[in-house]
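A.B. asks: Handing you a structure now.
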Amino acid sequence: MGQTLAEKVWNEHVVRSAPGEPDLLYIDLHLIHELSSAQAFDGLRAAGRTVRRPELTLATEDHNVPTLAWDEPISDPVSRTQVETLRNNAAEFGLRLHPLGDVDQGIVHVIGPQLGLTQPGMTIVCGDSHTATHGAFGAIAFGIGTSEVEHVLATQALPQAKPRTLAVTVHGSLSTGVSAKDLILHLISKVGTSGGQGYIVEYRGQAIRELSMEGRMTICNMSIEWGAKAGLIGPDETTFAYIKDKPEAPTGAVWDAAVAHWETLVTDEDAVFDKEIVLDAAEVTPFVTWGTNPGQGAPLSAAVPDPADFEDEQDRAAAEKALDYMGLAAGTPLRNIKVDTVFIGSCTNGRIEDLRAAAAVLRGRKVAGDTRLLVVPGSFRVRLQAQEEGLDKVFIDAGAEWRGAGCSMCTAVNPDSLRPGERSASTSNRNFEGRQGAGSRTHLVSPQVAAATAVRGTLASPADLEPSFI
Amino acid sequence: MDQYTTHTGVGVPLKRSDIDTDQIIPAVYLKRISRSGFEDGLFANWRKDPEFILNSEVYKNGTVLVAGPDFGTGSSREHAVWALQDYGFKVVISSRFGDIFRGNSGKAGLLAAQVDEKVVQKLWDYLDHTPGGQITVDLETQTVTAGDSLKESFEIDPHTRTRLLNGLDDISLTLSHDAEIVSYEASRPAWKPTTL
Ligand code: SF4
């Protein structure tokens, strides 16, 4: 019987397999940031261990860092200590670090692909749950905890129970104006936040094939939001074209050897998945969340649901709690929901294509008077690229704040946060209670919907806007 | 790591589902660089509500958390496990755990005991009738007992169980297979990327 892509990649990395034990997997790339690594390095020191393969490790500063005045010392003393601790650890153990102010600094899941370090068939881990982003290249990539960060630093391997496999096949093409973000929000609302538990998911089908690498990363990024261990997509010409000529991509004969191997990384015709989900791309429309988990979403054209309509008792209770927290009344058209702040950024939608999509909507338009729009590129290079294309001018002319690179308001451990009760439309991946600051209310949206919402001041898609004459 | 066999303590019914790690410990409490002191952040937003269960005298010394399904989903922050431990919890019982949370618990020595949803309901009923009642969780026999009649089994993956029972350090275990790691490394393709 044939093998799935996930099984092929997994099997290529098994260092040791024994009955009754999880497989010991070799890790090709270990990404590190300031928020989840300090205690791991402490553990290493306490045990008198060292980093086994510094050359398979990359560190950056992203979660905590300010997106204004990034060339000055960080003013929050706790954040500063955490960032300095990472710098000291990187220096002590000889690790490559892209610190604040460096041109390659940025969100860990944006810089890996951008440097060309994320390649098909790899195993990639990071002390961050959105590591599955790298799966867009046909890699097995997953988030780990701090104890596991220490484990990988010390051994470059990780014991892991083999997950089951799940295929999500999306037939047909996405309609114009519908993005990868809408597709993944649509999927999660269908299957629920635990629908992928225990699985490695392969996203496939025509609609997935037609996505750019950026769109594929948006999809894989949110695998964890429906409980999956990891999400991946078979590498193809789109993948190879993206990697080619990236700073760390192979060249010459080595490139040919790499591509020859990558081309074998496809699910065999006769491979069997443990579970399959089939979607029709034509059904997907601009999609937003109304609740406090990523599964509580609906088409933008719908209204806030009535909890009484939920058949499952637990879903009903959860919806009631969510509406109460979100300050929403059942039956309110989603398009009538007034938003205070719009955030465009994060590892879900902070790449160049996302900024282009948002700028295309904002060109010649203005952000609504009582709405604030924050545009935070996922990496410093994305910022530079956007500036080269003149996107920064579009944002600034529209009245947006054009910021430095980092996680920013996605998780609000830097100064960018919402006030209690403040409502946002956010291109990030989590709408949990308090995620963007204590008492914050988050609606997850695509970059296009975010931009249109900023213009109208209420949840909106570009189709809802008056024509712009530029 | 300490060996883990059995634990008896006050059960705390936390009747919510989908308790993600952002709720267990909000991100602002993650900035500490030490490994201790995370109890302040545990359920920080909920604890502001005087009615929240952990603010009740009865549950002050609770050590066994009994929660609704999908406990520990979301962010990979191991701080969620540390916050529960620093606060005094030794066991979390739920019908479903977030994958990364479950893994982190096993590494840090917090027992994540998975039971059927009906068992969670039984434990909640027991605690409703007996506020401050004790629950015993025996890892050896994989059973949860409470009151006179409640005795149920729980699930945990066998490898984690063995490690906890023997107090084995995961990293030492992997390092004992060093020869296999070295031989694997020798066979890795040369074109795999490096950062240095
Ligand atoms: S952007 Fe958000 S989800 Fe992504 S790594 Fe940063 S905090 Fe995590």
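Cβ coordinates are placed from backbone N, Cα and C, and glycine is handled just like the others.
Because the structure is a prediction, the values reported are computed rather than measured.
Not my notes, these are from TrEMBL:
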{"type": "BINDING", "residues": "A:CYS347, A:CYS407, A:CYS410", "note": "[4Fe-4S] cluster binding site"}
{"type": "REGION", "residues": "A:416-445", "note": "region 'Disordered'"}
A.B. asks: Given a Cβ distance threshold of under 8 angstroms, which distant residues of the chain, six or more beyond its ends, lie next to the region 'Disordered' (A:416-445)?
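C.D. replies: Beyond its ends, the region 'Disordered' (A:416-445) has Cβ neighbours at 67, 130, 181, 185, 221-222, 225, 288-294, 296-297, 325-327, 337-350, 354, 374, 376, 403, 408-410, 453-454, 459.
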A.B. asks: Is A:CYS407 ([4Fe-4S] cluster binding site) helix, strand or coil when read with DSSP?
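C.D. replies: Assignment for A:CYS407 ([4Fe-4S] cluster binding site) reads coil.
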A.B. asks: If you draw a 10 Å sphere around the Cβ of A:CYS410 ([4Fe-4S] cluster binding site), how many other Cβ atoms fall inside it, taking every protein chain shown into account?
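C.D. replies: Its Cβ has 31 other Cβ atoms within 10 Å.
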A.B. asks: Minimum Cβ neighbour count within 10 Å among the binding-site residues A:CYS347, A:CYS407: which residue?
C.D. replies: A:CYS347
A.B. asks: Setting A:CYS347, A:CYS407, A:CYS410 aside, what same-chain residues sit with their Cβ within 8 Å of the center of the Cβ atoms that define the [4Fe-4S] cluster site, listed in sequence order?
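C.D. replies: Nearby residues not in the site list: A:ASP62, A:HIS63, A:ILE107, A:HIS130, A:GLY345, A:SER346, A:THR348, A:GLY350, A:GLY378, A:GLY406, A:SER408, A:THR411, A:SER428, A:ASN429.
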